[in-house]
Amino acid sequence: MCSMIVTVTFVCTLIITPAIANDICTANALPRVPECQEQLQLFQLGVRTKMPWAVKMFDASASLEPGFTFGHNFWLGNSEICSAVSRQTHVQISTYLRHQMKPELLTEVAPFNVDFRVLYLRHNSSWQVDAAVIAFASRLHVGLCLPSACTAHEVQQLVQAYLSTDLNAANEFYEMNLQYDYAKDLKLKSTTFRRTSFYLTCFFLATTIALTVAASLLRKSQDLYKANARPHKSELNLNITSFIACFDFDANWLHVFAPAKAEHTFTALNGLRFGSAICVTVYHYLMFLFHGTRNKVTLYNYQAYVGNVDIFVDIFFTISGFLQAFNHFRNVKLLAVIRQNSLKQNFKLMGLHLFHRYLRLAPLYFLTIGLSDFGSKLLDDISVFHIEHKVYANCEKYWWRNVLLIQNFFDHNDMCGLWTWSLACDMQFSILATVLLFLYVKHPKRTKLCLAALTGTSIAYTYTFGLKLNFDQTIEATFTFLTEIYTHPFARILAYMCGGIAGWYFVVQKPTEWHFTKQIKHFFDYLVALVFFGCIFMPTNHNFSVFTSTTILLLERFIFTATSCILILSNAHGRMRWFFRFFETIFFQKFNRVAYAMFLINPIVVFALPGFSRSNLYANPLSLFAEFIGLLVILVLLSTLLTLLFDIPYQNLSRLLIQYQMRKKVD
């Protein structure tokens, strides 16, 4: 009964009660529009006489729903019923069976067109849990089925007039102090398809598809076989045929799913990286569901206990640092060239290395940024949910930061694609590591001093901002201070350096033989694995002081990185087979090469789940698990396609350029 009263109060005060509309029009609060006012009066009369179309229109509009105190701000109504107000609904039912319903519910339509609109009202009620997370914004979503003749300005004036009265029971009971923010008509905007990102993305897609088709056609000709899609033959020349051959879909498919070579491939690390990408996807899945979930507190707790988000991502930096150092120090020819080169020549060589790394990362990365910009604007137009972090607005202003991969130096609220911070960190660490690795060849002592200085700087940085910001290890604090504690390179550089040291140790130093019994070795193996997973799943305790919490954060990062390095070295020496056998399975090995694409694209796909929904979601473990399995299948398939079209071809092009440069030197 109370819900019905609130529904009548909220909807009928705006639409049914003509007195308010007449009073507003009479007072010149909005221009007199006879058509809009007339249709509102027709609706009032239809509800009083219980005309089927008016009952549907009333039923399609919002009503107070339970759960406000725990973050349920979605009073969305029903857009499908609103669509049935102005057009007949076709339902396959038998005319020979008895039905209790009124047949007019399916056939009778309103004498005017209607639109479903969502109003967004701000509140400052203290009767709602307000965790400092972006999706806990204090904004009500109110869906209304309104006559199409009523303009946005008229609706705004009516809402503001309604909010100025004391007729809203929920407003008074929860002390909301509601204020009109804005409204959506959930229709596509032509300006969305005139964005620069849309044109560039379409051009990039069309060009890549055209090159892929051309490569498939050329593959059948003798010229392609002479040039060869794989730039590894000595007779290779840089020409248009060899360039097009880089996009050969069939050859790239074989390359992606080729079995790993036994020598220096660290197959378990490949599997560990893909498995870690799945874990990151789980976290993104829980985070982006916030926008459309009505039991936010429950989902918030799921996210708080799913794992230690502050340290888990360090596994990627540790692996990257290890592989870069490993590949550098095992390349004897490169080390000899560095020793012989002058400073100017080494700078050119470093620039060449970084150019090829950027070339391999940039195409798929730029495609993701373009899709994020266009897709976020599209969702902002048609989604019933308010999108707090507007990616497209940030991309318009700060796209150049992403191009330079320096976005993580700035406020995370201004990032164009928040999840790309780790890619920026990885590129920055790669640049720094390249300089240090080149320096080590000629000046090992100076390099060690630089590493010690960077370690001290990272520790001092973490303590400085941890104490300044009162960091207490809660997930709320992590979200609030994401820029300083989570995404800044000085907060993450320890993991990359530790991985690099492990790679250097594996190549340069001789393995140390520890004379322990077999039982003691197994004990230490199990202990390392236990500490590794313990760091990931250890629950946070926010009952400590700020200094203690910051110290624990540093210790967790160091211990997690150290155990990760021990695991990597154990894998390199063939130990702990029981642990790595799982990551060496066919599934992890086959899809390892799509991990980069899955990392980039998963937030876009995940965010589309609530974004395209017309109703709020209820998070429970079983439905979340089932939905995530389906999401993972979609992501793997989509990532495979993107890898084949936008990642492998440019890796081929990078190899082609390297081979061409080497051939020129030989000639």
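Every residue, even glycine, has its Cβ placed from backbone N, Cα and C.
Since this is a predicted model, take the numbers as computed values, not measurements.
Quick look at what TrEMBL lists:
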type	residues	note
SIGNAL	1-21	signal peptide
DOMAIN	33-177	domain 'Nose resistant-to-fluoxetine protein N-terminal'
TRANSMEM	198-218	transmembrane segment
TRANSMEM	271-291	transmembrane segment
TRANSMEM	311-329	transmembrane segment
TRANSMEM	418-440	transmembrane segment
TRANSMEM	449-469	transmembrane segment
TRANSMEM	489-508	transmembrane segment
TRANSMEM	520-540	transmembrane segment
TRANSMEM	552-573	transmembrane segment
TRANSMEM	594-612	transmembrane segment
TRANSMEM	624-646	transmembrane segment
The transmembrane segment (198-218) touching the transmembrane segment (552-573) per 3+ Cβ pairs under 8 Å rule: no
Surrounding residues of the transmembrane segment (418-440) on its own chain - C-beta under 8 Å, 6+ positions past either end: 284, 313, 316-317, 320-321, 324-325, 328-329, 338, 346, 349-350, 353-354, 357-358, 361, 365, 368-369, 389, 391, 402, 405-408, 412, 446-447, 450-451, 486-487, 489, 492-493, 496, 500, 504, 599-600, 603
For the transmembrane segment (624-646), sequence-distant contacts whose Cβ falls under 8 Å of one of its Cβ atoms, 6 or more beyond its ends: 208-209, 212, 247, 249, 252-253, 256, 278, 281-282, 285-286, 289, 302, 363-364, 367, 591, 593-598, 601-602, 605-606, 609
Highest-contact recorded stretch vs the transmembrane segment (594-612), from 271-291, 311-329, 449-469, CB pairs under 8 Å: 271-291
Leading contact stretch, 271-291, 449-469, 520-540 vs the transmembrane segment (311-329) - CB distance under 8 Å: 271-291
Remote residues contacting the transmembrane segment (271-291) - C-beta distance under 8 A, at least 6 residues beyond either end: 133-136, 299-300, 302-303, 306-307, 309, 312-313, 315-316, 319, 385, 387-388, 419, 580, 582-585, 588-589, 591-592, 594-595, 598-599, 602-603, 606-607, 609-611, 617, 619, 624, 628, 631-632, 635
Model confidence over the domain 'Nose resistant-to-fluoxetine protein N-terminal' (33-177), averaged pLDDT: 86
Residues of the parent chain within Cβ reach of the transmembrane segment (449-469), under 8 Å, 6 or more residues beyond its termini: 436, 439, 477, 480-481, 484-485, 488, 490-491, 493-494, 497, 501, 546-547, 549-550, 553-554
Residues in the domain 'Nose resistant-to-fluoxetine protein N-terminal' (33-177) grouped by DSSP into helix, strand and remaining coil: 56 helix, 20 strand, 69 coil
